[in-house]
């Protein structure tokens, strides 16, 4: 779609459509001025012919009629022009009808005798075809003309409706109904249905003509045959991109001995690397032993209560049982950890043949941003530049930037970025530099003399760095200008008011900044497409935050480029490995396993974190241990960024079904015995399975499965096609172009559609009311209902039978920025936990949703653990309070420990340590990263998870939305200055309180032991160990409170004094230095009465 470098703004609901920054003759043009003539019969646009001229039906009066109406009038009507009543002549490319004269001058035999032959040649659809009038797509991307297909090749019911025929539809009369679109009325073409039992009468050839005229025996015929043979030979050299017979079974080893030896270009593009048995087998044995030890531990704890502290004992046992259940849900999804290896050279051999266009699939890349003041435009610009410079065919990459804040600052910064990209992209590809985000590339410390760097590269690098510094100055000046908004709002360079001045009430906006004709880099090479998108927002509509913005990008990208694969990244996650897309394609385009992969997830890596990582920002344990374990089951969960999707999986389609091998039978029993014993059970089982399938289809509201769509061409009834079209519109919305694109498994857009028509469609699909009465956010696209839409979206895909893949390249694929100070980190964890609570209380909770679908049990365990973990905050908070209570009261949760109990406790601690050590070994995680993860599990559990639990309950059950405010106060202290910024938030109260009461408890316990003598030190050790365990886990939190200069903020000091006062009053009330039986009275030795 070419916008001529102009910003397109409009609202489908308000019938507004304008072009801003037009030429000098007219700033704003209407749609009709752009699109040319309109058909006077149906109201559609008149297509442009191959010669670049509008289609003319009547050569006498040139009455404006589109091609479909012209062909329909010739076939079913009076065959005359409605205005001058002159009989229509046959135009090249149209089928012959009765009454046409013999035209020796027209060599158009392909269309003269066979209505369907033009479609077989793969002609692209016109604009009128995409309006829904008598045309439909099959899954391979071929267009089928339903109006012309008078004799269906297949009389079976279309598989699009799951083989169900509507009894109310008559088979002798069919109507193709066009949905109203762009103020065009409905159009109905009654079509008679041909009887398939009557054979077609072939049109006889004219005897006077030579056979060579029809192609037989001519030079053209021989050339066509040679061309066909050459294509067949090419197909033998390359394995086509299609799955194997069983739909691509991931569980089959691709490198097994049964696989025949093939040349390098036909080998699998990836393979599994199982963890070595020397590492995984001891790990599994320790897990089983730990389960046994847990059983013995709880047997002892339950059968040996503490009578004088029964409440403390019961509370501790309940907490320990919950911890054990949480550990089981977290542990067993890591039972089958694997790693993967990709072969980029094989990908190139298979899909990039020398001298031929690349056959790699296209990829649409989504970048989402909202507020440029919180998400700096320079960071977003670096992300976009790394995408434009990616190592992938430029004609197969399209970058869409979603500006959900409709900020003119983002738009202007993106315009500057597109200009700088014309110099940056060729520099990156010329010298093959990494990374291709200029901010991080120039921040690298490189020695120019090392490895004999070429002087030309040094000169160009210095020049490029100067250009980038100037680019940064321009971006920063835009940010400085945007700090103060004018009273009348922002205006564009041509004086037009910025459409997004009102953030909550503005039209949709689209502009193609790169990728259009005439815009190339400084070396004259083509650049990837770059599109700015800001969806429409109006008061009274629920826009669903990031999930709604991503769904808008899915639709608008389907109109403009419609790549079969999508990559979404946050605005602060740049591409660190320029071959990241190729890494993903090694799984998506693998003929053996690619068909069942819904997405490829990359791990998140971060820049700007100090080496100690005191708040576990890197989250290495999750990405290098948990995700590898899930990859061995059904695939990793979706984590919100750095993920390549299959577009068809996002549309809510089921995964291709795996064909089961024929069941084996034995002949050792008579047939009648097997029938008596198993016959009834098999029938019941078959009925139950069928009911489950039907129920699942109804629940997910699937219209068709991908494996069942083999084309609508030659369908038995037109009405069933109309019924399927209505179902598709109910599911995907009322855009006929977008609905047609959903059936194209391999992507692609029509080339003969006018730009104005595509612009109208693009504006319509980003309108705020487009998703109403559709399945968007429920079964299609990113799923609504939680602030963590990523978990919910991935869960729904796995429920449809898809599997995902975890890809860890040697060079990290993506890198981003992480909040490294304590308050921001806690708020990030709070948002994640709140999303999990929302899912837990919704209908999509994995505890009860999706049974009977394609979700595996261990995968379900993982999803359950990902939504119930905030509940652990309550037992964790209570358990961390118990040491202080025990020290202050002199009680303990465990009775006098026997030798047997000592052995059980020691075995439990040793099994916990052994499990962690073996996990670190096969996961490649260091002990520092593991320990920081353990510490922050406690810190986040007693703060963010606790607040998220109560906030989620208030939001879901009472409808109260609570927000936590953050106030900054700190200064710059060097490279990691943000690490020492202190921002007061209410999330700091619970861990601060726990720290104080446990420290006070330790002081009180030691003082009590000193006062009571040697005998009291033995029981004290257990209580002290318990309290010190809590304090050590909260140590990073304590360092965050004190800051770099060892100063405690005033607000923390106030809270500490208040809590210390409360604890002092408790101390006076307990009075531990006085005997439990009261003061001991002795007789005084002095006789005072004698005096």
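Glycine is treated like the rest: Cβ placed from N, Cα and C.
Residue environment of residue 404 (active site) contains 22 other Cβ atoms, counted within 10 Å of its Cβ in all protein chains. Look at TrEMBL and you will find 404 (among others) tagged as active site.
Cβ environment of residue 790 (active site): 637, 638, 639, 640 lie under 8 Å away, each six or more residues apart in the same chain. Annotation comment: TrEMBL describes 790 (among others) as active site.
Around the Cβ of residue 374 (UDP-alpha-D-glucose binding site), the same chain contributes no residue under 8 angstroms that is 6 or more positions distant in sequence. The UDP-alpha-D-glucose binding site annotation in TrEMBL covers 368, 374, 375, 404, 545.
Annotation comment: TrEMBL describes 546, 570 as Mn(2+) binding site. The Cβ of residue 546 (Mn(2+) binding site) lies under 8 Å from the Cβ of 368, 370, 404, 782, 789, each on the same chain and at least six residues away in sequence.
Positions annotated as domain 'RING-type' by TrEMBL: 39-85. The average pLDDT computed over the domain 'RING-type' (39-85) stands at 80.
With a cut-off of 8 Å between Cβ atoms, the residues of this chain six or more beyond the transmembrane segment (283-303) that come close are 317, 320-321, 324, 328, 331-332, 335, 894, 900-901, 904-905, 907-908, 911-912, 914-915, 918-919, 922. Annotation comment: TrEMBL describes 283-303 (among others) as transmembrane segment.
Residues annotated as transmembrane segment in TrEMBL: 310-329 (among others).
According to TrEMBL, the transmembrane segment annotation covers 867-888 (among others). Distant neighbours of the transmembrane segment (867-888): 309, 312, 315-316, 318-320, 322-323, 326, 329, 791, 833, 836-837, 839-840, 845-847, 938, 941-942, 945-946, 948-949, 952, 990, 994, 997-998, 1000-1002, 1004-1005, 1023-1024, 1026-1027, 1029-1030, 1066-1067, 1070, 1072; these residues of the same chain sit at least 6 beyond its ends, with a Cβ under 8 Å from one of its Cβ atoms.
TrEMBL lists 900-918 (among others) with the feature transmembrane segment.
For 938-958 (among others), the entry in TrEMBL reads transmembrane segment.
Under the heading transmembrane segment, TrEMBL lists 979-1000 (among others).
Here TrEMBL flags 1020-1038 (among others) as transmembrane segment. Within the chain, the transmembrane segment (1020-1038) has long-range Cβ neighbours (under 8 A, six or more residues past its boundaries) at 614-615, 822, 880, 882-884, 886-887, 892, 894, 897, 932, 934-936, 938-939, 991-992, 994-995, 998-999, 1001-1002, 1005-1006, 1008-1009.
Here TrEMBL flags 1050-1070 (among others) as transmembrane segment.
Residue pairs drawn from 368, 374, 375, 404, 545, the listed UDP-alpha-D-glucose binders, are separated by up to 16 Å at the Cα level. Geometry remark: residue 375 (UDP-alpha-D-glucose binding site) versus residue 570 (Mn(2+) binding site), CA distance 10 Å.
A straight line from the CA of residue 545 (UDP-alpha-D-glucose binding site) to the CA of residue 570 (Mn(2+) binding site) spans 14 Å. For residue 570 (Mn(2+) binding site), the count of additional Cβ atoms within 10 Å of its Cβ stands at 22 [all protein chains shown]. Each residue in 369, 370, 371, 405, 546, 549, 571 lies on the same chain as 368, 374, 375, 404, 545 and has a C-beta within 8 Å of the C-beta centroid of that UDP-alpha-D-glucose site, without being one of the site residues.
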